[in-house]
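Visitor: My structure is below; once you've seen it, I'll send some questions.
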Amino acid sequence: MVGLEIIPIGTILAVLTNQVLKTAHAAADVLVGKESFKILSKHLFDIEPVLKELQLQELNESQAARAALESLESDVKRANNLVEKYRNRGRFYLLVKCRYIVGEVEQVTRDIGKSLAALSLANTEVLTRISDQVDRLQNEMQRVEFEASRSQLQIVEKLDYALREQKLDQAFANDMLEEIARAVGVPVEPSEISKELASIRKEKEEAASRKERAEYIFLEQIIELLSRADAARDYEGVKKQYFERVQVIERYDSRERYILPLNPFLCSITGVVMVDPVSLCTGTTCERSAIEDWFHNGNRTDPETNEVLEETTLRSNIPLRQSIEEWRELNYCLVIRSIKENLITNYDVHESLSLIQALMRENSINKDWISIGGVTDVVISILGNSNYKEAKLKILITLKDVVEGHARNKEKVAESQGWDQIICCLGGDSSTSKAAIDLLYELLQGRSGWNKSFCKKLSQNQNAIPFLVTFLKGSDNDSAEAAEKILMEVFKINEESITTAARFGWYKPLVDRMIQEPDSRLGMVKGIVSLELNLLELKELGEEGVIPPLLEMLCGSIESKDLSLSALVKLAGCPPNKRIIAESGGVPLILDLTFSTRMRTFITIKCCEILEKLSFDEDGIDLFVDREGNQLELDSIITNLLALQQSFNTGYNFRKPALRALLGICKFETDLIKKAILAANSVSLILPLLDDSDSEIRETAINLLFLFSQHEPDGVVEYLFRPRRLEALIGFLENDENDNVRMAAAGLLANLPKSERELTMKLIELGGLDAIISILRTGTMEAKENALSALFRFTDPTNIESQRDLVKRGIYPLLVNFLNTGSVTAKARAAAFIADLSMSTPKLTIVSKSPSCWFFKSSRVPLCLAHGSICSVATTFCLIEANALPGLIKLLHGEVHATAYEAIQTLSTLVLEDFPQRGAIVLHKNNAITPLLEILNWGSDSLKAEALGLLEKVFVSKEMVEYYGTTARLRLIGITGMNIYGDGHLRRKAAKVLSLLERYSRSSSSAISGVPE
C-alpha cells in the first residue's frame, strides 16, 4: 500500500478495526443469501478483539507485519464492497443469483482467514494471550463452505428447468412469481412486482453494456417468464391500454381484420417483424438474435449497407420496439372485435374460438383483453344456450385456456352464469364432461394452492358433488383423479359435502374422517343415519371400515351413543356387517348398554333392535361372541331379556324390540330355551302379551310361546281356558297376512297336550279346525308342517266321528298332495295322518267272504282289493280310493328315513290280520315290495325293523314268497349274519321273516342255524 510505511501502525490498526466493524454490521443486514452474510459478519466481529489486542501491545514493526495488515485491509475492503454491492439490489435479482453471490461471500471469507493467519504469524509473541482464539478463527474462516438455503436453491433449480424446457405458460409464471416473492418477502402486488422486474431489467442492460451475453440472455428469459404472471401487470393500466387501442381501431372499417406492418418494423436480415430491435453504430436496426448470429458467423459489416462496422455494440431501440408492440396490439384488438361480432351473430363459432386460443398463445396480455372486451361473457352465454355437443366441448376447452393461471379471469367466470353451466356440463357425454372437469379443476386453483372461496361455492351447488362422484366410477383415470382432488378439497371446507358424497355412493371419505378425526364423528354419523341405503351400499360402507369407530362411540356421551346405535341398527341389516360387529367386539358392548339399569330408554330400544338383527339369521348364534371369538353365555342373555319384560311398563315402546331380540336368540338352541324357561318362569311373562294392544307385540309373543310351549305347555292350556283367549289364538291362525304368526300359532297348538279333549272341542266350535285346514291350503311350508302336527289332535283313531268330520272338510286330497309336493317333515306327517285314517277303514267296511286269490270275479260294484268291500274316501277313509298309494310308495324310494318310516307304517294298515293276502297283493301290484326290500340295504336299524315287520305280514302269502323269496333271502341272510350288538332284536326279526320264506322252500337254508326264533 502506497505510503503505508510512514503511517503509524497503531493508526492503521484503528482504521482497520473500524472498517471491520462497519462491514460486520452491514453484512448482517443483507436480505438474500443472509445465512452466508451472517457468518461473514460473525467472523468479522470475532476479528475485532484480535485487532484491539494488537493495539494494546507494542507491535512488531517488521515488513511482514505491515504486509499482513495491508492484505487484511484489502480483503476487508473487498468484503465491504461485496456487501454494499448486494445490499441495495432488487430482491428478485438477488434470489436468482443466490448461488453466485454465496460463492463470492465464501471466497472473500476464506481470503480474510488467510490474511488473519499471516498477521498472527507475524505477531506471534504479541498475540500469545489469545493465540488459541486467533488460530481457531483463522482456521474456521479458511475452511468455510457456504451454500444458499435449500428453499432458494429449489426455486433457482425450478427456474433453470423452466427456462431450459421453455415452460412459459401463465399458470406456471403465477406460481413461480408467488414462490419467489414469498421467499424474499415481497408482497404479491403489481406495484411491488413492477419494482422488482425493473431492477432485473436494469441488471440486464448493465450486463449488455458489459457484453456479458450469457448473463443478458439469462435475465431476459427471467423477465419474459415472470412478466406473464398476473401480478406483474397493473390491471388498470392494462385496461387503459386496451381502450386506448380500441379508440385507434375505431377509425378502421368494421370489416378490417389486419393492419400491415410498416417497413421499419421489418428486420434487415430476416425481413420479419422484429420483437427485440437493436441498432448498430451505422443506425441500421435488426432483430437482436439475427444480428448476433450474423456476428457469430464472422460478419463485421452492416447487413443492410455492407458498410464495415467500426464497432459491434448493440443498442436496444426502445422507441421502435414500443411502436412494434403498439402495432401488434392494434391487430389484437381488431381480431377481438371481429371475434365478438361473429360470436354474437352465431357466425362460425368454432373458428372464432380457435382465434381466441391463437391470440392467447401469441401474447398473454390477450387473456386480459379478451375478458375486458366482453368476449368471455359472450362465450359463456353460448355455453348456456347451445345444444350442440361439439360447440360445448370447444367452449369448455377455450375457457380453460382463458382462465389458466389467470386469477382475474377465473373470478369473472366463477361469478357469472358460466359457473353453473360448467357444473351442468359435468353430466354430459364423456368428452364434454372431461373438458368440464378440467376447466373446473383449473378454476379452483388459486395463486398459492386451492381457491377456498370457489371451493366453498362449489360445495353449495347441489349438482356438483353427485357429478364429481360419478367421475370416480368412470373409466377415465385422469378425470377420476381430478374429481377426487376437488372433492377432497371441498370436504375440508364443507363437512356436509362428505355426507352428500356418501349419499351418492362414495363412502371412503366419510369413513376416513371418522377414523382420523374423532371430533368429526358426530357429524359424519348423522349423515349415515340420514342416508337411504340398500344392502349392497350397507355392505360397502361396512367394508370401508365404518363399524369400529362406531363401536368406539358407544363409550362416549349420550348423544354419541344414540347416533352410533342408530347407524349400527341400519348397518346390522346387512349380514356381512353383523359379522364385522361381532369380530370387532361389538356384541358385549351392546349387551352391556342393553342391560344397564341407568341407561336411557331410547338407548335400550336401539340396542334391542341390533340384537334382534344379529339373531335373525340361522347362524346368529355364532355372532354372540366376545372380541376374542369366545361364545357368550346365551342363557344369561335370555334371562336378562326376560327380566327386562318384568321391569318395563306397558307404556314404554321398547318392549317390542326387546321381545324380537329375545325371539331371535331363542331360535338358536332348544336347550337354552329350556334353561331360561325354568329359570325365569318365561311362559307366565309372555302369555299376558297376547292381549297387548300392539299387534306386533302380540305376534312376537305367539312366536315365543310356540318355542316355550315345547317345554312348558301346561301353563299355556290353563291360560287358554280363560275368557276370549281361544278366540285370540284362532285369530292368529286366521291371520293370512303374517305367515310367521300362523306358523307359530299352529305350532303352539301342536305342542299342547292332545289329552285336553275339552280344548279340542272348543277349538272346533270356534272355527279353529277350519283355520288349520286353511293353513294347509294357503300357508307357508313351515306353517303347513305345524298345522299338520296340530291336526293330529282332531284325528284320534278312537273317535271315528271326528275323523269323518275332517274327511268331509276335504282333508284327504290335501294330505295326498303333501305326499308328492311337501317338505320332508310335511310328507312324514301327512303319511302318519293317513295312517290314522286308514286304521279306521276296517271298522267301516263289510268284508267279503270270498277266498283270497290273485283275481277277483267281476261284480256289478267293484270291491276294494285291500279291504274286500265297497270302499270310498267319504265312507271308509280308504287310502287306495284317495289315490294315496303312489305317493306313499314313492316315499320308499327316496332314501329319507323319516318319510320312509311313516310310509311303511301307513302301508302296513293295508295288510289286515284276517286277510293279509289282499294287502300283500295290492302292494305287489303297485310295486311296493321291491323298494321295501331295498330298505334292508340302506335303512337305519329302526327303519329296517319297521320294514321287516311289514314283510313278515306280506310273506304269509305263499304267492309273495314265490315271487320275492330269492331276493328277500339274500337281504335277510345279510342281516342275520351281521355282528349286531345289543339284544339282537333286528336279527331276530330278520330270522323270523326268513323262517316264513323257508316254510315254502324245498330245503332249509343253513345260514340261519343257531339264530334264535
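All residue numbers here begin at 1 and follow the chain in the order shown.
Using N, Cα and C of the backbone, Cβ positions are placed for all residues, glycine too.
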Visitor: Scan 62-89, 230-257, 734-761 against TrEMBL and say which stretch is down as coiled coil.
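Guide: Based on what TrEMBL states, coiled coil spans 62-89.
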Visitor: Identify the coiled coil range according to TrEMBL, selecting from 127-154, 183-210, 407-434.
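Guide: Coiled coil, as annotated by TrEMBL, spans 127-154.
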Visitor: Using a Cβ cut-off under 8 Å, which residues of the same chain at least 6 positions beyond either end of the coiled coil (127-154) come close to it?
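Guide: Sequence-distant neighbours of the coiled coil (127-154): 32-33, 35-36, 39, 43, 46-47, 49-50, 53-54, 57, 95, 98-99, 101-103, 105-106, 109-110, 112-114, 116-117, 120, 183.
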Visitor: Can you tell me the mean pLDDT for the coiled coil (62-89)?
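Guide: PLDDT averaged over the stretch: 79.
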